[in-house]
Amino acid sequence: MTRQQAVDTRELRARYPDVFDRPASARLATPAMIVAAFAILVYGLVDLDFSPSRFFAGLNQLGWITLMMIPPDPGSSLPVYLKALGETLSIALLGTTLAAVFALPVSLLAARNIVPSKLLRFPVRRFLDSIRGVDTLIWALVWINVVGLGPFAGVLAIAVSDFGAFGKLFSEAIEGADQKQVEGIRASGGSALHEIRFGLMPQVLPVIAGQVLYFIESNTRSATIIGIVGAGGIGLQLAEQIRVLEWQKVSFLILMILVAVAAIDFISGKLRFAIIGRRAVA
Amino acid sequence: MTTAVSILPEQQLAVLNAAYRQAVGRRRLRLLLGMAVFAAALALAAVGAEVNLRTLFTHFGNFLSYFDRIFTLDSGQRVWTDAGEWLWGWRKWLTMLGETLLISYVGTLIGAILAFCLNFFAAENTSPAPWLRFVVRRLLEFARTVPGIVFALIFVIAFGLGPMAGVLAIAIHSTGALGKLFSEIVENADMKPVEGVRSTGASWLSCMRFAIVPQVTAGYASYALLRFEINVREASVMGFVGAGGIGQELVVAIRKFYYSDVSAILLTIIVTVFIIDISTGWLRGRLFGREART
């Protein structure tokens, strides 16, 4: 039998002043943040010309567009679309591979355990950051100026913008690697190159392979849109059909993209498990 | 200290060696086959993407000289020698950049609110009905697989040119991306508080409000901030299709070969993205401690 203890509120209050009498600043912090967030939201809506009438007119329009999209129908251009889809997949695969090949040596330079000097690492990291800060679409526009319109510009755009992302991810993977193997190789008299080749790479490669596969998957998505600025692939067809208001073709193209992305998801998921094992992915 | 190493008899050793070689050989063969398939896929892709190394090599000079050109003013001097001339349009560009930031902020917040409303239906442990969960999941999947800029293209036609289309496109894309991440956080939440609340006879809504939400808000906010970062980058190109923001200026400058303007606008975008990355990273660290950053 336990005895019910009478709760002495006053004593509790005296003992835990932080719980019962929180200062007003602490109690008001969360509501103040929420109010501020919504104030900026309202300001944004006003500044960006959101008017309810325009919104509902647009929704109405969107409803019509959706109705006109049904049923999805490629018309007579199915072969063109399939070719464009193949182009998109090629762009994603080649672009990602190129990026990975070039990013690997650079990521070594950006890793703390390989280049201990902060002075040397800093410019490499900022260089990678600037490449990453520019969107793939902008890179596509730049490459179109260089090699002309077409999927090749898309490959180069994806390669450059992923180079920035991979450089960062790979260097993080390298920094996360276990140093014991490296030390073992150094102890047996290996050179710096041996340390990297036999101490680091066996640990890092599976992680990198997983990331590359993941990027091929996500680049299928980016590759679908770089066509919008003229860098080849299915985005070109999509943008064109939207501009000429061929809604049935648009919905068919969107469906094609969805199916392609789902298929790539499935395949690369299987491959990732095969390369690095089920546990490492999760 | 010496330890005895047992040496196996010759015959037994031969069998083990053979087995080892076979195992290694099989692994090597598999690797080789994988590489061959990969190489074949690359070759096929090279044909598909019309890769032309000759164009690349003959025009690669163009790529380098492009950077040369965008860093040169009309007067033929390097851009950094005359910052006033280089950044002549900074007032206009900063306004456009502000619009870009506002587009991503409003889009992210609307997306986060929608994702917050939907994610409890998508999570395995809190969804009231399996069919509802299925429907919501497919909806979120659709919203995140269709690229934001495709939504923007369609919305520009429905809502007219301007930032409204950009905001809605970003909001929908963020709903899909955040909805998935949010529901994963909910799936990792501790269910004991839910049982506790339910045992007092509370409704589903109260269970969510008093048992789940207090556990997950930190994770939600962290992911929403991360999304804001990504959306700033995405909003910078929304203008390419007429959906507002700095992208509009950029695409005009690139298409009309206003070289020094291109570098100036790119500089403002990169600096803004840096500032946003650093400040949201700081904010996340501040609000949720270092470990919540990833």
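Placed from the backbone N, Cα and C atoms, the Cβ positions cover glycine too.
Just so you know, TrEMBL annotations are computer predictions that nobody has curated.
The feature transmembrane segment is assigned by TrEMBL to A:28-46 (among others). If you look at the transmembrane segment (A:28-46), there are no same-chain residues 6 or more away from its ends with a CB under 8 A from one of its CBs.
What TrEMBL records for A:85-268 is domain 'ABC transmembrane type-1'.
Residues or ranges marked as transmembrane segment by TrEMBL: A:91-115 (among others).
Here the transmembrane segment (A:136-160) has long-range neighbours at 87, 90-92, 94-96, 98-99, 102, 219, 222-223, 225-233, meaning same-chain residues at least 6 beyond its ends whose C-beta is under 8 angstroms from one of its own. The transmembrane segment annotation in TrEMBL covers A:136-160 (among others).
Residues or ranges marked as transmembrane segment in TrEMBL: A:196-216 (among others).
Sequence-distant contacts of the transmembrane segment (A:223-239), counting only residues of its own chain at least 6 positions beyond either end whose CB sits under 8 Å from a CB of the stretch, comprise 77, 80-81, 84-85, 87-89, 91-92, 95, 136-137, 140-141, 143-144, 149-154, 157-158, 250, 253-254, 256-257, 261. The transmembrane segment annotation in TrEMBL covers A:223-239 (among others).
The transmembrane segment annotation in TrEMBL covers A:251-269 (among others). Outside the transmembrane segment (A:251-269) by six or more residues, the chain places 69-70, 72-74, 81, 85, 88-89, 92, 213-214, 216-217, 220-221, 224, 234, 237-238, 241 with a CB less than 8 A from a CB of the stretch.
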